[in-house]
Amino acid sequence: MIEIQRLVKRYGDKTAVDGLNFTVKPGVVTGFLGPNGAGKSTTMRMILGLDAPTSGSVLVNGKRYAQHTAPLQEVGALLEAKSIHPGRSAYNHLNSLALTHGIPRRRVDEVIELAGLGKVAKKRAGAFSLGMGQRLGIAAALLGDPQTIMLDEPVNGLDPEGVLWIRTLLTNLASEGRTVFVSSHLMSEMALTATDLIIVGRGKLLADTTVADFIESAGGDSVKVVSSDATRLRELLLGPDVTVTGAAGSEELQVNGLTAREIGQKAADAAIAVYELTPQVVSLEEAFMALTGDTVEYRSNGSTGATGASAAAGDKEQKEVVAA
Ligand SMILES: Nc1ncnc2c1ncn2[C@@H]1O[C@H](COP(=O)(O)OP(=O)(O)OP(=O)(O)O)[C@@H](O)[C@H]1O
């Protein structure tokens, strides 16, 4: 469990983290999202005690990181900056970590196996590819068999097999009841791996929600219907929890609050021909862009920072959405 309360970090006059409050709970994978410079790495560094908060508190498994007598056994972390001696083998790197933290040698063999590093464990870490380096970092994070695992961009540099391996690993760790907190810029991957989401922008909390609720709140449950009589169909479909939009005179309608099946059945009952019936899938990426568009600090030319999902984002109730 990670508990963050009123967390602030200032560097001179730059506020990197601006009053964050959230809890990362055990048993699920929680994604940590935000545009570049949103404060994710700074927050993760404070969780590990690598940076001191200006104010506020961060507890991991009920204590500050520094208060744990065996921190590697409490929280395993992979941050972007790696500190592996390039001349040392993966095995020796893990073994020296284990020796200095009272972790048995057999655990080194276990994590080497778990990370798929068996064939290269005796090779110099300096000769490792980016992907192998990531696997070694993850092996080190898991060495202490920690209750809480925190990974900053773990799929960076991994090939498709590696990406699938990470997804399965994180899901398994969470299903064992561990707390798994992961940042990533790869939205499609996050949508497949995470259940809960913490989204930040300019150091502030933008959303504390689930992937499913977040996508739904961005209009993920609408259905496009093209029919022979849009005017009559619209009247048939309208109800207390149903909204129907469409341009006057157009055959096309957008329906929220009914499934494609329900719409098809109502149209069939009224003998209205349906030419198209398509559930509209809003991606996590679109929902993210809609929410964070205003908080992006570094934007390339030509990017609008918003998509068609923007109008719908925030229309419906989310677990918690905080104004930027
Ligand atoms: N040591 C530092 N000194 C001064 N400013 C810093 C320092 N570390 C971070 N910052 C600033 O704080 C803000 C948050 O940075 P941080 O690296 O935490 O963001 P991030 O969300 O991890 O970004 P990215 O997705 O690009 O990794 C940025 O504006 C950054 O420039």
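Cβ from N, Cα, C; glycine included.
TrEMBL labels come from automatic prediction, so no person has curated them.
Segment annotation: TrEMBL labels region 'Disordered' over residues 299-324 (candidates 39-64, 299-324). Confidence over the domain 'ABC transporter' (2-227), given as mean pLDDT on the 0 to 100 scale, stands at 91.
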